[in-house]
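Data first, discussion second: the structure below is written as structure tokens.
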Amino acid sequence: MHVTLPDGKQLDLQPGATALDAAKAIGPRLAQDALGATANGELTDLMTPLSDGASITLITKKNPGDAAPLFRHSLGHVMSQAVGEYYKAKGYGPDAIKRGVGPYIENGWYQDFDLPEPLKEEDLPEIEKIMRDIIGRGLDITRREISKDEALAQFPHDPYKAELIEGLPDDEPITFYSQGDYTDLCRGPHFPSTGKLPQSFKLMSTSGAYWRGNEKNPILQRIYGVAFATQKELDEYLFQLEEAKRRDHRKLGKELELFTIDPLVGKGLPLWLPNGTVLREELTNFMKEQQFQRGYQGVVTPNIGNLDLYRTSGHYPYYSESQFNPIQVDEEEYMLKPMNCPHHVRIYASKPRSYRDLPVRLAEFGTVYRYEQSGELNGLTRVRGFTQDDAHIFCRPDQLKREFLDVLDLTVLVLKTFGMTDVRFRVGVRDPESDKYVGDEQNWALAERQIIEAVEEVGLPYTIEPGDAAFYGPKLDFVVKDVLGREWQLGTIQVDYNLPERFDISYTGEDGQEHRPIMIHRAPFGSIERFTGILIEHYAGDFPLWLAPRQVMIIPIADRHNAYAEELREELHRAGLRAEVDDSSNRMQAKVRDAELHKIPVMLIVGDKEQEAREVSVRERTGEGTKERKGVKFDELKAELLERRKNRS
């Protein structure tokens, strides 16, 4: 047999040869350094036979990214072995521990166990210690193939492994991997030796998991681990995890009293508290200003609609699994609104339209309802009731590019306003091999070309994604990277040829004939709830002045300064700034600490000197820390704060 190397050269090998045999044929140094391989683009290990004619690339420590799935998988086996040794030291025999599945996942692995006594989080460091000892033993990892009957004989007391084996085909060999006295059923691939595994790993947590994900099955104990090629990468990952916890919008939402989710109200139905409502209104006011300047007309539609409306639009029954069930009212059926677009189409259709009337831009902060599985709900970012900054533009073909550019400009402005500058675009176009799309070829080609031209004019990076278009038109997704390096899809601009056709809407053209308008869907925020959740984490609750629910805290040093503090608060309040006075009996330092805990951006401290000169001492939270200024004239500070609010800075 032969295999082909990356440079095109061919190696002649014995039948049944492995990637290790290929490495040895090239040279002893490579055989020593090799950790795994890819064969025809698929990850494999050094122990698995190669197919004749395979194109292979050997993996060494020089390309740790390629090696990561291998060492994470093998560390999962090392952990499983360590758990066995841990319970053996407690006096349990090998049959007392039963193992479920244990795959490698992004950044690490997990393994499910049925244990004789539960493992606690505080036990994980001891398991880690045993793992490091197993790595230090330098055990060879070997692979063997056996029959189904032989495989079943390996696990006479483990019903989970027996069930997995019973589900495998009778006529195919079953693979086992071993290291020392530990053996497990596994497809692989794995590292060649425990001694080559990195020490940069950590066991993170334990949780319960139903066997095979079925709640009718027993609950097993799942242990999660993470691993990276270097300690530096592990440290960076752990830091990011801690930072993510610090920024978690669910935690900050409670601490800053922004929102709550009450089980009596219902899962996935957030209640906006006064502070959160201020934040929400700042977002909506910002968007309303932009929409007014760009010629949008505001509309309001009901939260339910006749089921026939959604039948006509196609949202029912095609998306019924993500919608709440219809309700019977008299002789008609109604449904909680899953989308705003059908309602906006009916507003467009409420009177005759001429080519001179177009474009028609209809905008609404419309609340919609989707049925999300309870396990998928997450604070504000995954909910069942949410409000979209939804707008629909009805335009002529010759207006499409201009309208698309304007929406693109608006969305980029929104992201820049909130400090989200690491943005890339995804242009979703048709799959040339598919016939699922509605609309004619000429219109599709025009829309795709004009979207790409619009993106190029803006000058931001983009990728073209064939097959990513909806069946009713091409689209543009905005993907934003936050301060933690996580990517979020924020907002979509979608061209739609389907709804105008389904609702048979038209405009009278210059030629006196009826023509079909093109419809554009756009929502720069996506949803107010999700965008707010992302903003909370992006800013870690330290909102800029204009966005902060509580903008100014005035702190009198003593009770005799309370009247002056209240006078300043009233002036700021009349000017439109959200100001409060902390007239509690706490010491000044405690008042400052409380204001900082609540992430109030500006603190004004007033005492005898400030009162006499109508001044304030300013303590301001910034992205770089705390900035202090003493003896600031109050009127000058008020003007400065108003200017910052006006400029949304």
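Yeah, the Cβs are placed from backbone N, Cα and C, and that goes for glycine too.
A strand conformation is recorded for His521 (Zn(2+) binding site) in the three-state DSSP classification. With a 10 A radius on its CB, His521 (Zn(2+) binding site) counts 24 other CB atoms from all the protein chains. Taken from Swiss-Prot, the feature Zn(2+) binding site applies to Cys341, His392, His521.
Annotation comment: Swiss-Prot describes 1-60 as domain 'TGS'. Taken through DSSP, the domain 'TGS' (1-60) splits into 14 helix, 20 strand, 26 coil.
Residues or ranges marked as region 'Catalytic' in Swiss-Prot (evidence: sequence analysis): 248-544.
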Self-check item: Cβ atoms near His392 (Zn(2+) binding site) (within 10 Å, other residues, all chains)
Solution: 27
Quiz prompt | For the domain 'TGS' (1-60), the mean pLDDT of the predicted model | solution = 92
Quiz item: Going along the chain, which residues six or more apart from Cys341 (Zn(2+) binding site) have their CB under 8 A from its CB?
Solution: Ser313, Asp390, His392, Asp496, Leu499, Met519, His521
